[in-house]
Amino acid sequence: MEEQILPETETETDVAELELEAVIGFNGRVPNGLKCHPDQEHLIYPLGCTVLIQAINTNEQKFLHGHGNNVSCLAISKEGDYIASGQVTFMGFKADIILWDYKKRELIARLSLHKGKIEALAFSPNDLYLVSLGGPDDGSVVVWSVAKRDAICGSPAAGLNVGNATNVVFSRCLDEMFVTAGNGTIRVWELDLPNRKIWPTECQTGQKKRIVLSTGMADDDSFFYLGTTTGDILKMNPRTKLLADTGPVKDKFSLGVSAVKCLKMGGLLVGSGAGLLVFCKSPSYKPIKKIQLQGGITSITLRGEGHQFFVGTEESHIYRVNFTDFKETLILTCHFEAVQDIVFPFGTAELFATCAKKDIRVWHTTSNRELLRITVPNMTCHGIDFMRDGKSIISAWDDGKIRAFAPETGRLLFAINSAHRIGVTAIATTSDCKRIISGGGEGEVRVWQIGCQTQKLEEALKEHKSSVSCIRVKRNNEECVTASTDGTCIIWDLVRLRRNQMILANTLFQCVCYHPEEFQIITSGTDRKIAYWEVFDGSVIRELEGSLSGSINGMDITQEGGHFVTGGHDHLVKVWDYNEGEVTHVGVGHSGNIMGIRVSPGNQYIISVSADGAILRWKYPFAS
């Protein structure tokens, strides 16, 4: 993270840091990424470059910032004193492992040896060693001393004629034994500390050739279990290195066994790529209890002995399951696709809506709870707006339809079919709730009259040559401004329904805002410049350097107009002084490109959304 901000702070003096209040997000695609801490009070999980520590009862969050790229694996020591996290990086570059002090919530050491990606991590039972597995470009296994924070020894993880090792699991009793497994390779390793060497032994599986997805070690080290892409489970004996049994014979797990957890009382919790969670026992592996969850299961983590456990899925859901009744409770959900838009209802900061791919979700601001989810399968929602009266959410879809939903129930109120030829790309509503203004992929701006039961096309304004990216309406509803990727912003007269003014720049415009006094607009886009324009004659007043890298995709201005906020491809949220044209605060926390940003009514929060599915809530830095 730090690397990205250094260039900024050299040029700008005394830029304060924005305070991150909460994050809605969980990267469910990280294998075994969800962990329950041994204190049984906290969940630890990755989101982009950040590791989140969340209190189970109070939902209070702490953030571990330190990775410069997405976190790819996590491990917690048996006593819970240490957390280790590994990341991905660019090909040929070193990928860091960070060792964290759990109690102090701070970075202890960076361990850098592997290239490209850290595939998996595991602590030894007495917290003496950490073993790490490099990704496909690296292929090595390294044992680190936790006390000395240094590598003891390393070795290629798999033999020459087999695929990559992707899993590592430590013995539960011995600090000197661990197992790696992957594509056609299962190895039991022994650490020879005096000679600083690790010695592998290949396990024999006879005729069975398998790709291992997940591993679990029994509490007494008697056996370890391997879940495979084929949908069966191999039970291996670590002492003899031989296959003990395998199953199920008939009903294999659909889309592979993606998570395996051994229970103290015997038996296994098994999660499949099709979202099936099963309790079963060797040798039959027939389901004794089972439930169906949403999204492929990537993590199963026990709370204490496993009377209760948590399950994470690819669709970024976290479930809590009580073992006895085997019923799931959804405790955390978030977008798992890029979030395209964020909007507050008029005059209230209590809730807000976001859209990503096929979902529109309404959130309760302070508790991060999802209040409503509206899903239109196989479609993509590009933009949303609340009607001023709060009675409907208007949404823009890539199938060319404008859909309106009731915000309490999610019921479809009306749909305007074939509103635009190449999908609806932007949308706005007037404050009298009588009109919708929509922009399309073909560049048309259309004005719709909305009655009690009717939706009528009033005018199609054909000036833009390329897709419309943003629409803002003036307070008196007599004028609106549209930004387009053709390098123009057009100010339209909504009374006479014709063009008033046109602004040209050598950029793809992504966002536009009216200053509250409405004689100026500010724009930004792919040229990274923030420009102020005179509404009256379309002349440019001033230009600011908005970012050092990549496009600016989102912008919003406060109700008084003293400050505005921006976000984009540099992953930074910036608060600007409108008159001075200078950055006052920077927020570091996103690990994906920021797609949209809003200041809440009443200036309490700034909410920003990004391409990795995260929604971040920041404290607005000025007293309103």
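We count from 1, first residue shown onward.
Any Cβ shown, glycine's included, is placed from N, Cα and C.
According to TrEMBL, the feature repeat 'WD' maps to 111-146 (among others). Averaged over the repeat 'WD' (111-146), the predicted model reaches a pLDDT of 95.
Under the heading repeat 'WD', TrEMBL lists 417-450 (among others). Using a Cβ-Cβ cut-off under 8 Å and counting only residues 6 or more beyond its ends in the same chain, the repeat 'WD' (417-450) has close neighbours at 346, 382-389, 391, 394-402, 456-473, 475, 477, 480, 482, 484, 486, 490, 492, 494, 497.
Beyond the repeat 'WD' (461-494), the same-chain residues lying 6 or more positions past its ends with a Cβ under 8 Å from any Cβ of the stretch are 422, 425-432, 435, 437-447, 500-514, 518, 521, 523, 525, 533, 535, 538. TrEMBL lists 461-494 (among others) with the feature repeat 'WD'.
The feature repeat 'WD' is assigned by TrEMBL to 545-586 (among others).
The annotation repeat 'WD' is assigned in TrEMBL to 587-624 (among others). Taken through DSSP, the repeat 'WD' (587-624) splits into 0 helix, 19 strand, 19 coil.
In the repeat 'WD' (417-450), helix, strand and coil residues by DSSP number 0 helix, 18 strand, 16 coil.
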